[in-house]
Structures are given as C-alpha cells and as structure tokens.
Amino acid sequence: MAYMILYNFYRNATFVFVLFWYVLYTGFTLTTAITEWSSVLYSVIYTAVPTIVVAILDKDLSRRTLLKYPQLYGPGQRDENYNLRLFIFIMIDSVWQSLACFFIPYLAYRKSIIDGSSLGDLWTLSVVILVNIHLAMDVIRWNWITHAAIWGSIAATWICVMIIDSIPIMPGFWAIYKVMGTGLFWALLLAVTVVGMIPHFAAKAFSEYFIPSDIQIAREMEKSQDFHDVTHPEVQMSTVSRA
C-alpha cells in the first residue's frame, strides 16, 4: 500500500510536469499539445488498470513466510516504506522523467515542420510507456493478469491515440500518423525510455545489492529455497542484514 501511494503521486506528477514544461515554451497560454481526451484518459485508461491490478495481486512475501517470521512487519511499523525521504526521491524521479519525455522529442523536432499535436502524441505515449515500465520494474510476483494489465495499457494508449487522431473534428486530426511512420519517432521513444529509467534503475540496483532491507533479503532466501530451513530466524535475519 505504501508503494502504491508513492507510485500514484509519481505517475500523476510526471504527466503534469510535462504539461508544465510545455507552458514555459508557449508564453503561459491556455493551449496544450496533448489533447483533452488524452489528459482525461491518462488517469482512467492509460495508467489506471495496472495500478489497480498490481495493488491487489502483488505481494512482497508469501503468507507462510510472513506468518512464520512476523518481525518482517517491522519496516511498515517503522515507516521505512513511506516517509518524506522516499516521497522527495520519487518526486525528483518524476521531474527527471518528465524532462526526458519533453525535451528529447522537443530538441529533435524543434527545427522540423512537425506540429504541436504530433509532439503531444509523442509526449503522451512516452509518459505512459515510462510510468508502466517503472511499475513493471518494481513488480515482485508476475502472473498473466499483471502482464495483460501493464502491457495491455500501453497497447490501449496507442489504440486510443490513433482513434482520437482519426476523428476529423478533433484538433489533432491525423497527427500521430504524420510521425509514426518515421524511424526518428521510434528512436525517440526508445531514447526517452532509456534515459528516463536510468535513475530509477540505478537506485533500485544500488539499494538491493548494497543496502538490502530485511524484506529483500527474505525474498531472495525464498527464491533460493533456503529460507524455510532456517531454525533461528531472528538471529539469521540480523546476521544477513549485517552482511
């Protein structure tokens, strides 16, 4: 629950910051490159389903492990999973990812004839891909429902953007089709994803390999099938933590 609260702050902040950078380059006008429909669907379709599915189905450890070693509930009681430090870190991460989403496509297309609506579609797809990959990187227990929710949401975003841009009365009519057929479009999506995920990947790798929590240690022990053979859990957990 603590992780999902932070994740919801992050996924909404990333999208809002992209809109904020756009405002700085348009003289603080009320116009937006991202269609109103995409702005509404972002929290309804594009990113909502993975959040709900992961919140319900994902879990740190098995029920048997938690019942056998109740000291693993300690991090929650000590507010180690939800605190001001983690909130600041995830907000910094959202700023970084929004910068990658906005400025990499902007710098690539600023001297081209591509219009704002086409850039807006690229920004929308970039944000949705980033926040869903961010979530996928943190999923602990995968199943077909989780796969369908995360990757299906990305696919649903593509479909919705294409449908919106196929309606003649919409301001961004045919915008996605003007850029989707070029190699630069796909290269920019890849670049945004790689650059945007660097801080989160580095922080995750560092914390898990150099300063793992008791829950992370127990998870690894579960994977190695040695965890349930431990006869003195409190001694073992404290010993492994010091190691």
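Cβ atoms are placed via backbone N, Cα and C, with glycine included.
Copied from TrEMBL, the annotated features are:
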| type | residues | note |
| --- | --- | --- |
| DOMAIN | 1-213 | domain 'P-type ATPase C-terminal' |
| TRANSMEM | 12-34 | transmembrane segment |
| TRANSMEM | 40-57 | transmembrane segment |
| TRANSMEM | 86-108 | transmembrane segment |
| TRANSMEM | 120-137 | transmembrane segment |
| TRANSMEM | 149-177 | transmembrane segment |
| TRANSMEM | 183-203 | transmembrane segment |
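If you count C-beta pairs under 8 angstroms between the transmembrane segment (86-108) and each of 12-34, 40-57, 120-137, 149-177, 183-203, the highest count goes to 12-34. Through the fold, the transmembrane segment (12-34) approaches residues 42-43, 91, 94-95, 97-99, 101-103, 106, 116-117, 119-121, 123-124, 127, 130-131 of its own chain, all at least 6 residues removed from its boundaries and within a Cβ separation under 8 Å. On the 0 to 100 pLDDT scale, the model's mean across the domain 'P-type ATPase C-terminal' (1-213) is 91.
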